[in-house]
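Let me begin by presenting the structure, written as structure tokens, before commenting on it.
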């Protein structure tokens, strides 16, 4: 049996595997105000970072986020008990829960009885501790909690969490070519005639492997390359938290179903965002990346000639701008012709993309 659980106040900004012989259980809860519901998620990983199990489930709506997080911590402890784990580190991103668990007396709060239930289970572990982590170090548990909004009932995955959770982790599955059982995500509708520059990433990866073999993952490389591309265009810089693991599989169906495509309506794109726990603010903010980059003719041809299947162009598109696009994007042919997404300042990271949309000149 364990003594009182050790509570570590150190805030980790990225997930780190436990020491050999231990396992980590990350947990989180999410409140969906627009659905008047709440969900929780948990994932178990060993010292190698291998997934041992994951769960995603709805819970009763609570009045406070503290009570929801307390329920998530209880379910995480129950999950670890069900799996027969003996040496466990529990991690979450709300300090209130860890302070409550560390107290030797009952917590006089709405979630006090839940914390008592957590404490009641802890003697079943031989070694047990609790770590407080930054939300950035708890993204997979958060994604699993949000995943529950798109499924019905209680779900448990053993060994491997759902593919779209892996996609949320930015695992570089896009870079995998078709081979054997793998069907590349490069062939998906959202990525075809859109994503380019793979040869540049291959060159960078090759140079990195010569200097420091088997050190920098492709997933981290993608994140760093995105940051540097924006900085070179005059945009802001930020710290890229490293340690992402590369995927060994791809999901063509996941890419088709979850990524926005060029011919998707606004409502369809918003629906895809909501499946991942994102909202309209996230959609507007992330769309701003279109201030740099290009589009091929096939990705917007329907807007020029047959937007709604009636042989008519998109009525929301400025007529003079549409006429200009038609000169290089005919009804047939010109598929490789490139067009700036932001025709005003295509080489700068600024807000002209939004201004173009307001002027009915968004591509």
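Just so you know, glycine gets a Cβ as well, placed from its N, Cα and C.
Predicted automatically and left uncurated, TrEMBL annotations should be read as such.
The shown structure was predicted, so the numbers you read here are calculated from the model rather than taken from an experiment.
Per TrEMBL, the feature domain 'Plant heme peroxidase family profile' maps to 169-363. Averaged over the domain 'Plant heme peroxidase family profile' (169-363), the predicted model has a pLDDT of 88.
According to TrEMBL, the Ca(2+) 1 binding site annotation covers 169, 171, 173, 185. The secondary structure of residue 173 (Ca(2+) 1 binding site), as reduced to three states from DSSP, is helical.
Residues or ranges marked as substrate binding site in TrEMBL: 260. A sphere of 10 angstroms centred on the C-beta of residue 260 (substrate binding site) encloses 17 other C-beta atoms. Residue 260 (substrate binding site) falls outside any helix or strand according to DSSP and counts as coil.
Sequence-distant contacts of residue 290 (heme b binding site), defined as residues of its own chain at least six apart whose C-beta falls under 8 angstroms from its C-beta, comprise 341, 342, 353, 363. Taken from TrEMBL, the feature heme b binding site covers 290.
According to TrEMBL, the feature Ca(2+) 2 binding site maps to 291, 342, 350. Secondary structure at residue 291 (Ca(2+) 2 binding site), as computed by DSSP, is helix.
Around residue 297 (disulfide bond), taking its Cβ as the centre, 20 other Cβ atoms fall within 10 Å, counting all chains. Residue 297 (disulfide bond) carries a helical DSSP state (H, G or I). TrEMBL lists 297-329 with the feature disulfide bond.
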| query | How big is the Cα-to-Cα gap, in Å, between residue 297 (disulfide bond) and residue 260 (substrate binding site)? | reply | 17
| note | Rounding to whole Å, the Cα atoms of residue 260 (substrate binding site) and residue 291 (Ca(2+) 2 binding site) are apart by 17
| task | Across all the protein chains here, work out how many other Cβ atoms are within 10 Å of the Cβ of residue 350 (Ca(2+) 2 binding site). | result | 17
